[in-house]
Amino acid sequence: REEEERLRNKIRADHEKALEEAKEKLKKSRDEIQAEIQTEKNKVVQELKKKDSKPLPPVPLPNLIGINSGEPADPDIREKRNKVKEMMKHAWDNYRQYGWGHNELKPIARKGHSTNIFGNSQMGATIVDALDTLYIMGLHDEFREGQEWIDKNLDFSVNSEVSVFEVNIRFIGGLLAAYYLSGQEVFKIKAVQLAGKLLPAFNTPTGIPWAMVNLKSGVGRNWGWASAGSSILAEFGTLHMEFVHLSYLTGDPVYYNKVMHIRKLLQKMDRPNGLYPNYLNPRTGRWGQHHTSVGGLGDSFYEYLLKAWLMSDKMDTEARKMYDDAIEAIEKHLIRKSNGGLTFIGEWKNGHLERKMGHLTCFAGGMFALGADGSRDDKAGHYLQLGAEIAHTCHESYDRTTLKLGPEAFKFDGGVEAVAVRQNEKYYILRPEVIETYWYMWRFTHDPKYRQWGWEATQAIDKYCRVSGGFSGVKDVYSSSPTYDDVQQSFFLAETLKYLYLLFSNDDLLPLDNWVFNTEAHPLPVLHLANTTLSGNPAYR
């Protein structure tokens with residue numbers, strides 16, 4: 001009797017559930033249903049491709065040049081370089097003591113810290129991000145501690161939703177660089193394991209990856225705030241360097257094919273004013289809002305076009321052409337001179353130019369300098385000059401503050417130039433982009449002002465961001481008694497301190513003819529692809 005009743009209730013419940021699901025399905029547009037079917041199909045195909053994982057094939061290591069020393073002869077420069085190394089040691093030692101294994105450190109609370117980009121798990125982001133910096137500084141004991149932690153504790157089979165972009169540039173980039181510098185197999189093995197966990201993010205109708213993926217389940221989705229469920233240009237456009245190296249090291253073309261598919265898709269699309277919008281919908285393959293930026297959301301896409309060409313030993317001319325075309329449109333529509341004579345890069349929003357530049361955009365000075373050689377119509381001098389002008393503008397954004405540290409974003413309106421206006425744009429979170437540009441400008445011009453500017457920044461960071469438990473960002477660079485944000489960002493160790501150290505080193509440490517830095521400052525060797533598994537790819541012929 002009861003049994004029957006229970007069964008009847010169960011049938012009723014199942015029936016209602018089925019009806020609900022059917023209703024849900026009907027609510028979905030035809031496009032969405034097609035998209036879901038396509039995604040499922042892609043998943044099945046991926047599963048079929050996954051055979052038992054074979055051991056990695058032996059590949060010849062590229063000829064590695066300039067991976068240590070670079071010690072300057074000038075005692076004054078040497079002293080500055082040693083100061084940067086001491087700061088690295090302070091940041092690392094405190095992370096080691098108070099945040100070990102966590103993603104980042106809260107230097108004032110003296111405990112671990114993590115943000116949503118790393119999901120909810122302790123993945124030791126600071127360790128992976130800092131390895132190559134430790135290595136080139138000759139901090140080998142610290143490097144070994146990091147290697148040991150990675151060997152024993154770095155586990156990617158966690159139920160955690162991570163940013164595909166951040167994990168690629170920080171973790172895969174960091175592991176690959178550590179592998180190339182040290183030759184330790186563990187880094188290569190971990191990089192390849194992690195890459196396999198990111199691949200399901202590409203199971204979308206268009207092959208444009210989701211922003212986030214669950215490392216355990218492989219389920220992907222996009223950021224809720226991004227334009228109508230779109231993927232972000234700087235996220236899906238900043239995978240090329242790492243994925244080409246993954247295919248090189250594994251002999252498996254799947255990684256290379258994923259990024260080339262994205263490139264082909266972008267090449268086919270119409271671009272408003274020749275500009276790439278920041279948002280693209282991975283279901284429909286159509287642009288989202290027509291916002292264009294060389295700062296956050298756009299920045300590293302352009303950087304990776306140039307660096308794909310450099311990393312291929314200048315064989316990947318398709319990437320160079322895409323870079324040149326994009327830069328031409330950026331110059332025409334986004335780059336302006338202020339009334340006070342400062343060259344800046346604005347943002348295109350809904351058909352007009354916003355006269356505001358972000359700290360993130362300051363990397364572009366270095367990019368223009370790096371891309372000068374090999375540019376169209378003998379414009380090398382022009383682009384080196386443009387790089388110098390951007391460096392100058394960004395230095396002004398630092399110089400016009402109380403702390404001599406730059407704000408997150410600054411305006412060029414009316415009387416106000418290179419200054420932050422809104423309270424929520426006055427913070428400095430230990431970002432590297434301005435120093436990165438100083439370093440590239442130093443390498444290409446050897447103008448001593450770049451070392452001088454870098455030293456100003458070093459002193460300001462040491463004075464205002466250093467606390468006894470590490471380094472912290474500050475909330476207002478215009479205030480003489482700033483409050484701390486209490487986060488020691490992993491990129492401070494990966495990028496900011498590395499670029500400063502390189503700025504006070506000789507050019508034979510990581511020479512730019514042999515190394516290309518990923519967007520998290522992880523150096524990857526130029527691949528002379530005649531002798532590799534990729535030489536069969538038409539893009540490299």
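Glycine is no exception: its Cβ is also placed from the backbone N, Cα and C atoms.
If you look up TrEMBL, you'll see 46-75 marked as region 'Disordered'.
Counting only same-chain residues at least 6 apart in sequence, those with a Cβ under 8 Å from the Cβ of Glu166 (active site, proton donor) are Ile117, Phe118. Residues or ranges marked as active site, proton donor by TrEMBL: Glu166 (among others).
The active site annotation in TrEMBL covers Asp299 (among others). The Cβ of Asp299 (active site) has 25 other Cβ atoms within 10 Å, all protein chains considered.
Cβ contacts within 10 Å of Cys362 (disulfide bond), excluding its own Cβ and spanning all protein chains shown: 30. As annotated by TrEMBL, disulfide bond applies to Cys362-Cys394.
Taken from TrEMBL, the feature active site, proton donor covers Glu408 (among others).
As annotated by TrEMBL, active site applies to Glu433 (among others).
All protein chains shown were included, and the count of other CB atoms within 10 Å of the CB of Thr519 (Ca(2+) binding site) stands at 24. Annotation source TrEMBL lists Ca(2+) binding site at Thr519.
Cys394 (disulfide bond): 28 other CB atoms within 10 A of its CB, across all protein chains. With respect to Cβ neighbours within 10 Å, the active-site residues Glu408, Glu433 differ, and Glu408 shows the lowest count. For the pair Glu433 (active site) and Glu408 (active site, proton donor), the C-alpha distance works out to 11 angstrom.
If you compare Cα positions, Thr519 (Ca(2+) binding site) sits closest to Asp299 out of the recorded positions Asp299, Cys362, Cys394, Glu408.
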